[in-house]
């Protein structure tokens, strides 16, 4: 049998190359524009404040970047809420075990970094086991519904209801909440929702980080709980998609193998039997 693994590998590499070309086409020119704007803004700043020189300005920019890397938002003042209160720490713990890793916040102490390593070492398998069990529970409910509904076609209806309900709860309605609370557009909220639940977690959009807004204490904790259940649902969808893709590829190759076998058989049947020649020793 012909293995479909090489084809899958080629398709995987082609998909990465295609994504790289499209992202470069869409983003490179905009990045150049923003870079030029930033350099122009620095020149205008130096012209307006002649008491500063370029070296002092670059040093201050470096301070801002270091503060941002440490999770301190340069906007606002010292009255901003702490990034490490219980609600934010609970949210961070969730991003660690789910491997989302936004990157906007990380431990700065050596003790915190070491604890984070061991916390993730045991927490990531625990999270996978929990999500796997949760996914099995959801799958079991689907099988129960399929057994309960005996008429043909009803199982597909219930599957469609399951997919629609999950899409509304985890992908459609949450962006409305984030748009209202964070001040994002719906597109930005939907982008954050999918990037989070897929565990990509770029960190360009993170809830509860705007210093100009007042959040309720449990806002990020509730978001963390939503993330866990959303991860289980989207992981189930991804697994179904992966299974369908594998079955599709295997079916294609199986049909190809059958066609080759049938063609070879037909060719042998059509060809007249060749006389056997006895070669004496």
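A Cβ is built for glycine as well, from the same backbone N, Cα and C atoms used for every other residue.
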TrEMBL annotation of transmembrane segment - which of the ranges 189-207, 246-264 it falls on: 189-207
DSSP-derived helix, strand and coil totals, residue by residue, for the domain 'Potassium channel' (163-246): 60 helix, 0 strand, 24 coil
